[in-house]
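Enquirer: What follows is a single structure, and I will ask about it in a moment.
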Amino acid sequence: MTVNPRFYPLLATIAIFVLAYTVCWIQFPAMLSTRVVGNLLTDNAYLGIVAVGMTVVILSGGIDLSVGSVIAFSGVFIAVVLRETSLHPLAVFVLLLAVTTAFGALMGLIIHSLAMPAFIVTLAGMFLARGAAYMLTIDSVPISDPFYDFIKSSYYLMPGKGRLTVIAGVMLLTVLVGALVAHRTRFGASMFALGGGEQTARLMGVRIGRLTVLIYAFSGFMAGLSGIVFSIYTGSGYPLATVGTELTAIAAVVIGGTILTGGAGYVVGTLFGVLTMGLIQTYIVFDGTLSSWWTKIVIGLLLLLFIVLQKGLLRISSAGQSVRHA
Amino acid sequence: MPLTIRSLSKSFPGAKALDCVDFDLRAGEVHALLGENGAGKSTLIKCLTGAYRRDSGEIMLNGEAISPSSTSEAQALGIGTVYQEVNLLPNLTVAQNLTFGREPRRFGFIDGTAQRAEARRMLSGYGLDIDVGRDLGAYSVAIQQIVAIARAVELSGKVLILDEPTASLDADETRMLFDVVRSLREKGLGIVFVSHFLDQVFELTDRLTVLRNGRKIVTEETARLDRVRLIEHMLGRELSMTEDAARRKTDPNVATRPEVVRFENFGRSGVVEPFDLTVHRGEVIGLAGLLGSGRTETAELMFGVRTAASGEARDETGRIAHANPREAIASGFGFAPEDRKTDGIIAELSIRENIILAMQARRGWAKPIPRAEQDRLAADYIEKLDIRTSGPEKPIGQLSGGNQQKVVLARWLAMNPRFLILDEPTRGIDVGAHAEILNLIRQLTDEGMSLLVISSELDELIAVSNRIVVVRDRRHVAELTGDDIATGPIVRAIAAEAAAQAEKVA
């Protein structure tokens, strides 16, 4: 059985991850343990979640630059509300998700109704959310809540003493839900259609306006969820947190094999993109002598590799087509 | 009668696009809709598909009055449309495209297996053996076209409108498409077929309707019309070209005129085998051959779009630099490419800006052409070439195909090249503009310019060429002059390929 060329970028992503892990394992055999895997998932949980939202946006041919700020806003919002009121954290979560989802939906509405590029609208959203976080507080606000302590101390003990934390579980669940939504629903199909070409999508019966609002609302929801997870992970809210996370998420999406111009890619690929980036960091920690900016260099190289790879694949497939034509 | 249109009218500011047009479509017929650009074909189709609202008149589908207000509404009513540019998504799989919007679901999620099965069922009977799980974009335009038809038929199932479906297909692909259309006709569908290719109209259609200036001129059984009558209907005048002696009087001494450029052992393996070609002053060389035979590739090599691996071009003063288009332009070459929309025009720029493009490129960006000079050039060529526009500042994308082509020609004429290459100069433009462009070619050579004309239409080549080079299998195989410039010898030269291939197979 031959492999459908659709899967090439996804397979390339997985292959790179496996290869990288093998290299790490050969050098540091201790890296092949569920402890490392558990930490990899936990440390990158917030990034994985926001990257799922980013994947959906990019697949539809858009971009969402606001998510990093929204994560920071979420952390501050939760911390401040918990400090000032006696609401249960779960109630605060619901409130927060409502706010960030509405924020995303509003950006989607502006993008569609004013026919503005997503880049500029979400750039405005980025400043707005960051500013809103500063309005709530300019300090790092610690979160001390029994519910937080409970979540932080709960985990599933994997064989080999690795801990699958709640937030890692939430991340994996998010990827699963994201993949189902993107690849197994009509909403997902419309989103791919929009990424393939707005005019054609409209002719095929896609309601562009509604879809655009939903896509950015989804990304806003994911950014809010990521903010919750980040606040659990760090145990505080800080308005200067996660600066540039939107770009890291975009990098993860691209390394995950999604084409930046939209219309082709896989949510599962994004998980591997996030894990590959996390793996590089883990390697540097294991090595101990390397400085952490090596992470950035390797990620930069990986991004370049993927851009070249995508162009190469495009060229191969178009060459195949021209042969058929001749 | 599945579709009946009575006294349909539609006006735009300043123009009456449709004036009391009647149109009938029977079940189980292919009905050609013909007319020059601007005759009202596309307006009629847009009224049918809901893209435009009509001003007055009736559209009856199976006896019921309908008034679609959107493409999807028209689709739901039973009118499906397939356009020249496939309106499906190349980044989705064939199955996703076919079932888009009605994907089979299980527990709320799309059932991939059922989706592919459904897609295979929809494609059965179309004679396609393709993997529905692959991206649509991985397949040729012809296959994409058939997938689009399958989708339209499935969604609509009463009336199918094919708007220039064959414009970007080669002969084999067109045949494949026609088989599909015929089988749909047998299933009782009413099919409206819009095409510029009269051959195809005669080959495929049962009846035809001619529109001109927004009015219906005639509806007739295709078999009862001959080509000349049909063209007369379309133009509303006698077509002098067809009645002329088919060929222009050529100067028998053209070969003794000074050489403009001589290509020696010029070629690149895999693109075009090395060839020799001498071009004389004021000469038109026709390049004939099938699609993919190496016609366009020859032009691209000459103009430096692709780099030649061997040989060179010379004139009396020595070697001519044409390793890339910039050098070629500087050496007095011009090239109006085949795919006007992507390679020839910049749709958002105005007519004026499109005309001065090459000239400005030659001067370099540091020396802009004075605005007064630009305006003079634009006005000059709009008048000279009879470009129909409301003004030189109109974006070229809004002009009809024929007028766009004239602007592309104007761009090169403004450069006054010694050697101009025209690749399919009349493709996709209406009969009237067609004749004008052929006349223009003659005029240019009278003024001493040398031309290389590539065309799929032999009549056209015969009409304008001093000499015809036949290309086949990426090789220049024959050069015809004098009385040999006629359909018979050209076809024999092209057809030798089939014989050669048959031998290879045997």
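Cβ coordinates come from backbone N, Cα and C, glycine included.
These came from TrEMBL, pasted as-is:
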| type | residues | note |
| --- | --- | --- |
| TRANSMEM | A:7-28 | transmembrane segment |
| TRANSMEM | A:40-58 | transmembrane segment |
| TRANSMEM | A:65-82 | transmembrane segment |
| TRANSMEM | A:88-111 | transmembrane segment |
| TRANSMEM | A:118-138 | transmembrane segment |
| TRANSMEM | A:164-182 | transmembrane segment |
| TRANSMEM | A:211-233 | transmembrane segment |
| TRANSMEM | A:239-259 | transmembrane segment |
| TRANSMEM | A:266-286 | transmembrane segment |
| TRANSMEM | A:292-309 | transmembrane segment |
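Provide an account of the burial state, proximal residues and distances for the features listed.
Expert: Away from its own ends, the transmembrane segment (A:65-82) comes close to residues 46, 50, 53-54, 89, 92-93, 95-96, 99-100, 103-104, 107, 119, 122-123, 125-130, 132-133, 136-137, 141-143, 145, 219-220, 222-224, 226-228, 230-231, 234, 236-247, 249 of its chain (Cβ-Cβ under 8 Å, at least six residues beyond either end).
Long-range contacts of the transmembrane segment (A:88-111) within the same chain, counting only residues at least 6 positions beyond its ends with a Cβ under 8 Å from a Cβ of the stretch, are 62, 64, 66, 70, 73-74, 77-78, 81-82, 117-118, 121-122, 125, 129, 145, 147-148, 209, 212-221, 223-225, 227-228.
Counting same-chain residues at least six beyond the ends of the transmembrane segment (A:211-233), those with a Cβ under 8 angstroms from any Cβ of the stretch are 42-43, 45-47, 49-50, 52-54, 56-57, 60, 62, 64, 66-67, 70-75, 77-79, 93, 96-97, 99-105, 107-109, 111-112, 118, 122, 143, 148, 151-152, 166-167, 170-171, 174, 178, 181, 187, 190-191, 194, 241-242.
Long-range contacts of the transmembrane segment (A:239-259) within the same chain, counting only residues at least 6 positions beyond its ends with a Cβ under 8 Å from a Cβ of the stretch, are 9-10, 12-13, 16, 46-48, 50-51, 54-55, 58-59, 63-69, 71-73, 75-76, 126, 130, 133-134, 136-138, 230, 265-266, 268-274, 276-277, 299, 302-303, 306-307, 310.
Long-range contacts of the transmembrane segment (A:266-286) within the same chain, counting only residues at least 6 positions beyond its ends with a Cβ under 8 Å from a Cβ of the stretch, are 9-10, 13-14, 16-17, 20-21, 24, 27-28, 30-31, 36, 39-41, 43-44, 47-48, 51-52, 54-56, 175, 178-179, 182-183, 248, 251-258, 292, 294-295, 298-299, 302.
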Enquirer: Please work out which recorded stretch in A:7-28, A:40-58, A:118-138, A:164-182 has the most C-beta pairs separated by under 8 angstroms from the transmembrane segment (A:292-309)?
Expert: A:7-28
